[in-house]
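Before any comments, here is the structure.
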Amino acid sequence: MAAVWVLLALTALVADYCLVSATSYKEGDKVLVYVNKVGPYFNPHETYHYYQLPVCRPNKIEHKRLSLGEVLDGDRMAESLYDITFRSNGSQELCKVNLSESDVELLRSAIEDLYYFEFVLDDIPVRGFIGHLEEGGFLPHTHKIFLWSHLHFNIEYNKDHVIYANVTTKDQLPVPLDGTAIPLEVTFTYSVKWIPTELGYEQRATRIRDDSFFPKNLEIHWLSIINSLVLVFLLIGFVVIIMTRVLKSDFARYNIEDEDDADDLDSDDNGWKIIRTDVFRFPPCKNLFCAILGVGSQFLALATGILLMALAGVFNVHRHGAINATAVILYAFTSNISGFVAASMYKKMGGDNWVWNINLTSALFAMPFFLVWAVINSVAWAYGTTRALPATTVILLMALWLFVGYPLTVFGGILGKNYGGSFDVPCRTKNIAREIPRVPWYRSAFVHCAIGGFLPFSAISVELYYIFATLWGREQYTLFGILFIVYGILLSVTACISIALTYFQLSAEDYRWWWRSMFSAGSTGVFVFLYALFYFLKRSNMSGLLQTLEFLGYTALTCYVFFLMLATVSFFASLKFVRYIYVNIKMD
Ligand SMILES: *[C@@H]1O[C@H](CO)[C@@H](O)[C@H](O)[C@H]1NC(C)=O
Ligand SMILES: *[C@@H]1O[C@H](CO)[C@@H](O)[C@H](O)[C@H]1NC(C)=O
Ligand SMILES: *[C@@H]1O[C@H](CO)[C@@H](O)[C@H](O)[C@H]1NC(C)=O
């Protein structure tokens, strides 16, 4: 049973990449056109089935089998009535439709919301507006709505391959939808023009991307990207240099004082050395602490894997869905990482309730994700959009988690528990905890979190705009190389800042650095979320309950993932640092 599901999931994944092989046609072959979805132009994630509109449809609607990525992307392809023959120009009638009053109302409101449609012709998305809105003068104000009833297909071909296709609507006058007789009889027609081209099949992806229906307003500002990279490198260098100098003088001070002890006892009594008997005192809530590290490590592996795959050019560029599907499947298959890291840390810290720890680890991301998804999916379902996942996909995903994700977490957990080793520390921890002195405001946890979150955020802020425009707009992200560098930089900045902040905290004789190191860098997630709100309000035209919910819900989840990943990096960097400094001082 489980094996069958795994196989199905893998097939769906493979279908995302392998089925893009070239189709060749002969003169007289039928070129299939699938109708896909319609939706408001400015809401990329609110899409409906094309046949939800009163348009020409076959008597029996045949759906195309879709890959997981396409389903996740809201695609629902069905066969259309367009009868297009390879390399044959012509013009034909599609069908006649009698529009009732409610049909006309539906079309009018769709056109007012700037609905566009998407067809798929030989895997090429072909898009156009369903109607046209004419706003005339201020006084008297006129507001006219027209429906495009004629579609003109331009298809470029090279020998026996289709290279590019688009559709234009303006070749014939549209049908006015104001004050018409009911029922309104509309005759839908279409024409096809085959244009020979010299472009080869390999250039197809570029051709499709460059001549897309959606305007490309994404200019890559190389200067600002390079600028931010340079600043970040300087910052990292600066922190590293200062830290090494400060540490050097600390080591010198502590180790000399030890030799000619008793000379000046006072100066020995401050700084991070005196808390050496407390610094390795394990934090409260070990269970949650280790679960965060486990899931964080899993996401680090996942993100690295996806970026590497994108760099290798695995994904089909004109569809977003492939990346989502890969992420879902990789998430299930990397679950053993989270189980292993969480359980071995938990064992090292002396935890004994490992069953509870593994369950917490597997639920730490899956539960919030499930809740957010359930709310959004219910709303999408109530709206009747194609974003609501069909029952089969839901069952597939649940099975993937139940039969792959969860067992792998348990398996990793058992490995981690048995082979975790012990937490070797350079100094013994005393039974009685030292009192922690009060700190000035600029050394408080809040200020640490603000600094620790803001610096990594500013390192990626330039890139964030491009990422948001890709995820939540119509842009296609192609600069995976830069993204990979930025990802590396983000992790390095996080590690550096975390080490510096932990040093400050220990110097203030506060030994509770465990949780603090997590939150100080993990707070980057909060900054990313604030940026997302700004993007939503000022840089995008999304509207409506469904799109808003979808944006806020999934952005919050993304920021949570940011938190988990950066908290993990930050903690492990701090741990390494703390070990390093306490190994290097002489003990009494
Ligand atoms: C279709 O029409 C276009 C323009 O009228 C022409 O360039 C092209 O050669 C025609 N294609 C075929 C296969 O007849
Ligand atoms: C539409 O209605 C008219 C008259 O009401 C009728 O003559 C015509 O056949 C109908 N067309 C279709 C496609 O049903
Ligand atoms: C559609 O394709 C034709 C032929 O390739 C091209 O001339 C035309 O500019 C395209 N129209 C749009 C709106 O992209």
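In case you wondered, yes, glycine gets a Cβ from its N, Cα and C as well.
Please treat TrEMBL annotations as automatic predictions, because they have not gone through curation.
Note that the structure is a prediction, hence the values are computed from the model and not measured.
Per TrEMBL, the feature signal peptide maps to 1-22.
Under the heading transmembrane segment, TrEMBL lists 222-243 (among others).
The feature transmembrane segment is assigned by TrEMBL to 288-315 (among others). Long-range contacts of the transmembrane segment (288-315) within the same chain, counting only residues at least 6 positions beyond its ends with a Cβ under 8 Å from a Cβ of the stretch, are 16-17, 322-323, 326-327, 330-331, 334-335, 337-343, 345-346, 349, 351, 357, 360-361, 364-365, 480-481, 483-484, 487, 491, 514-515, 518, 561, 564-569, 571-572.
With a threshold of 8 Å between CB atoms, the same-chain residues lying at least 6 positions outside the transmembrane segment (321-342) that come near it are 9-10, 12-13, 16-17, 67-73, 75, 290-291, 293-295, 297-298, 301-302, 305-306, 309-310, 314-315, 357-358, 360-362, 397, 400-401, 404-406, 408-416. Positions annotated as transmembrane segment by TrEMBL: 321-342 (among others).
Marked as transmembrane segment by TrEMBL: 354-376 (among others). Cβ atoms under 8 Å from those of the transmembrane segment (354-376) belong to residues 287-288, 290-292, 294-295, 299, 335, 338-339, 342-343, 346-347, 387, 401, 405-406, 409-410, 413, 417, 546, 549-550, 553-554, 556-557, 560-561, 564 of the same chain, restricted to positions at least 6 beyond its ends.
For 388-408 (among others), the entry in TrEMBL reads transmembrane segment.
Only residues 6 or more beyond the boundaries of the transmembrane segment (445-468), in the same chain, are considered here, and those with a CB under 8 A from a CB of the stretch are 218, 220-221, 224-225, 227-228, 231-232, 235, 475, 477, 479, 482-483, 486, 489-490, 493-494, 497-498, 501, 504-505, 516, 519-528, 531-532, 535, 539, 566, 570. Summarising the annotation, TrEMBL assigns transmembrane segment to 445-468 (among others).
Under the heading transmembrane segment, TrEMBL lists 480-501 (among others).
Summarising the annotation, TrEMBL assigns transmembrane segment to 513-534 (among others).
What TrEMBL records for 554-578 (among others) is transmembrane segment.
Among residues of the same chain six or more beyond the transmembrane segment (480-501), those with a C-beta under 8 A of the stretch's C-beta atoms are 225, 229, 232-233, 235-236, 239-240, 242-243, 300, 303-304, 307-308, 310-311, 448, 451-452, 455-456, 459-460, 463, 467, 516-517, 520-521, 524, 566, 569-571, 573-574, 577. For the transmembrane segment (513-534), the residues of the chain that approach it from at least six positions outside its boundaries are 279, 282-285, 289, 292, 445, 448-454, 456-457, 461, 464, 468, 494, 497-498, 501-502, 505-506, 551, 555-556, 558-564, 566-571, 573-575, 578, judged by C-beta separation under 8 angstroms.
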